[in-house]
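> TrEMBL lists 12-34, 163-185 with the feature transmembrane segment. What TrEMBL lists as domain 'HAMP' is 187-239. Residues or ranges marked as domain 'Histidine kinase' by TrEMBL: 279-499. The feature domain 'Response regulatory' is assigned by TrEMBL to 636-756. For D686, the entry in TrEMBL reads 4-aspartylphosphate. Sequence annotations record features per position, and here TrEMBL assigns domain 'HPt' to 796-893. If you look up TrEMBL, you'll see H835 marked as phosphohistidine.
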Amino acid sequence: MRSPFTNPIRSLSGRLALAVASAVAIALLLLTGLSTWREVERYAAAKREALRMTAQILAASAAQATAQGDEAAALSTLRAIAHGQALVYASVERADGEILAEQGIGLRLSDDIDLDRGSVSPLDLMTTRTLRVSVPILENARPIGRVVLVSDNRDLAERIAEVGLTAVLAGLLALALGLAVSMGLQRSVTRPLAALARTMDGVRLGHDYSKRAEAGSGEVGALAESFNDLLRAVNERDRAIARYNAGLEEEIRLRTHDLIEAKQSADEANAAKSVFLATMSHEIRTPMNGMLVMAELLASADLPPRQQRYARVIARSGQSLLAIINDILDFAKVEAGRLEVERIPLSPRDVADTVVTLFAERAASAGLDLAAQIDGDVPRTLLGDPVRLGQVLGNFVSNALKFTAAGHVLVRMAMEREASGPVLRIAVSDTGIGIPQDRLAGIFTAFTQADQSIARRFGGTGLGLSIAERLIVAMGGRVGVESRLGEGSTFWARIPVEGAESAGPTVRRASAVPAAIRFGAVGAATRAALTADLRAAGFRPAPSGDGHWILEASELRESGRPEGAGRVVALVPIGDGSGPGLVRDGLADAVLRRPLAQAEWRPLLAALAEGAPLAVEAPEVDESPAAALPSFAGARVLLADDSAVNREVAAEALGRFGVRDIVCVEDGQAAVEAAAANRFDLVLMDGSMPVLDGFSAAAAIRAREARDGAERVPIVALTAHVVGDGAESWQAAGMDGLLAKPFTLAQLGALLARHLPGVIRDDPAEAVPPSMPIPAMSEVALLDEPTIANLEELGDRDFLERILHLYVAQAPQALLALEDALARDDAPDVARAAHGLKSMSANIGAAQVKDRAGAIERAARDGNLASLADGASGLDDLLARTVSALHLRLGLRAERGPDETARGQGALERC
């Protein structure tokens, strides 16, 4: 690299000279421009004055000729006066604009500069060749015409050149003087700097940091000394770098290797998680079906009120659990913040009742008092997501019960006002172990607990609070926790309130009703909830004296009815049937179940405040009454599913809505052919089927409709794949919706109403609970008892017989297909055959066959056929034992006549 001090253009002296020359040149240009500008202005003024005087003389001389219209006299005057005035044009015009006489060129120039208009720009003067003036011709002070003179400005260029030459000569002289002065000053500065630059170049080129620059005086000397210090520091640094580089390369290699391994492990773990979630989403929903079906069938049956209430609690809890599992299984959705929340009317009191009832048995088994306190100003309904709100409250309560060994858990809902508007505050307080202050900040982080020993002592993943926090944030709210170690914790959430309905009429005690209320040995949480409502109603808790009593049932049995008591309310745990007996024996006037349910407690409180008769037991609340389902009797439905059992169950569900015209097929190709040959109002299509899967079949139907211009038929996917790639395939196939298994009659009814609006009839179908789920599968042991009991509840004996014999006919065929695929080492066919056998076995309750088939399916999908050498051995014997067990369990004969067999097989064509 060439030193700037040896380059005349880049050297300091060269740059100083260039700066001086530039300054002089700029000054010269400015001076020349200013001089030229002033000269042009002076020229314009002088030219205007000379032309105007000439024009005025000419106007005075031509006044008489103009007044008389004498052209010859006017022309003579023009020639006499305008001669020798460097005029290119002169004219005498009358008042009407007519030219009386003119001299010069025969046309008027359009770009003449009119000097009469006042100020004229010097730039305009330099860009034009002619100047014009005009003066009026007056007679007795009256204008009778005008004189126009046009002159050229050729002498202007000569004057500008003269001024410019003078300025250039003065500038050159100034430039010479400036350069001479600057050169003298440069030498005292540039020479030491040039020497320093040469030293720097020597160090740079030779990498010899032992060199030193010559020190001098002044600023340049200080710069040289600083450079020498820098060289010493660089020399020391290079020695340190050399020592460090000796081991750096090996360390980089090791760290790179570790990073590659960590990335591979993370990718494998992420892929395994995705596969696991997709698989578990399908498999976990299977055993859920038995619980949901049995509970809702019981709820719709003719049961005593208490048993019916238990069934409703189970059904409601199961539905909430299913809704929660749908999101928890796809944890990637939680991590990505894509959780969806609804905005529908919900009752905060109902949500609280559901949660405390759900955890009642768990609290009772742990000896804990669980209660919900709902302030009177909490709205009756508001807009929100009841499932998500219940999930959050359930997570809080579950967490509190887990870490509370003795005492109570209190749920409280109250209204608060913030700057943004009203909010609903939900809080769950406990008397548990508490949380250290240094752990509070991260308590809502996923997989986090207060201490690593917590998971070993109490169990759990630490995911519940994280999900609760994200749900509340999705609702536009926020969460928090307050805790003291060894005393307990309070987890709270604040949610914005929208669309609130008033809290309803306030309960007030009648003046004739005694105000005193006394409590027995009632738990702290229950006492707090009761006391808050009683005080709001006008009652006054009293430690002694007469009044109404609220006591535990066990206390009444031991001590009897208190003397002087007004009305006595017995608190009975859920599941304790002794309440009516206490009333019959005169020990109590009414029974209230614990944990308190607002739907039971509020009517009892109102009766107590009014002095009205008390019900023996709080009335059961019919939370999911049987409703008349709409009828779609005119609809024609194509049902495609490779499992005969699944087809029979779906047909039974459609029959509840009056749909009788149902065509069933068992593979996707048959569905395509049926849709081409017949007109259907709706197609229900399973995703996994032989020959052609449901998604490919739907795409083929859509292609035929587009090709033939046929009317588009609604196609809905009927599958248990709700996460992973399978959950999105229906959209790519052109389907109109997804009905996930297990589904409920309410969901099926909504789907029918959405896609069959033109065939709905006024006459309702049979009344059934709106949320009754349709069975899909189950597992455990040789036979799965809940699934079989579910089938017994769902249909009559003829239905059971048809289902069983369909299984007897189809299962051996599926087993033969499986063995044939295994013999051919065809992994896709093995997986399809095993899936079909697993599906039909799960639906009939053949648990062991389902498990074996499922294991074969998983191995085949993983490409691990080597492990299936003996995979199908023993399946035929297991299938035979299962069929025999099913006959014995259902009390059905093992053989049917030809007519019955034909009837069962006919269901595969026309359901």
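Cβ atoms here come from the backbone N, Cα and C positions, even for glycine.
Locate each feature and note its surroundings.
In the predicted model, the domain 'Response regulatory' (636-756) shows an average pLDDT of 85.
DSSP assigns D686 (4-aspartylphosphate) to coil, not to a helix or a strand.
According to its DSSP assignment, H835 (phosphohistidine) is helical. Cβ environment of H835 (phosphohistidine): S688, A853, E857 lie under 8 Å away, each six or more residues apart in the same chain.
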> Using DSSP, break the domain 'HPt' (796-893) down into helix, strand and coil residues and give each count.
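Going by DSSP assignments, the domain 'HPt' (796-893) contains 80 helix, 1 strand, 17 coil.
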> Using a Cβ cut-off of under 8 Å, list the residues of the same chain at least 6 residues beyond the transmembrane segment (163-185) that approach it.
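Tertiary neighbours of the transmembrane segment (163-185) are 13, 16-17, 20-21, 23-25, 27-28, 31-32, 35-36, 39.
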> Enter the number of other CB atoms within 10 angstroms of the CB of D686 (4-aspartylphosphate).
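The Cβ of D686 (4-aspartylphosphate) has 27 Cβ neighbours within 10 Å.
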> Which numbers of helix, strand and coil residues does DSSP report for the domain 'Response regulatory' (636-756)?
55 helix, 24 strand, 42 coil
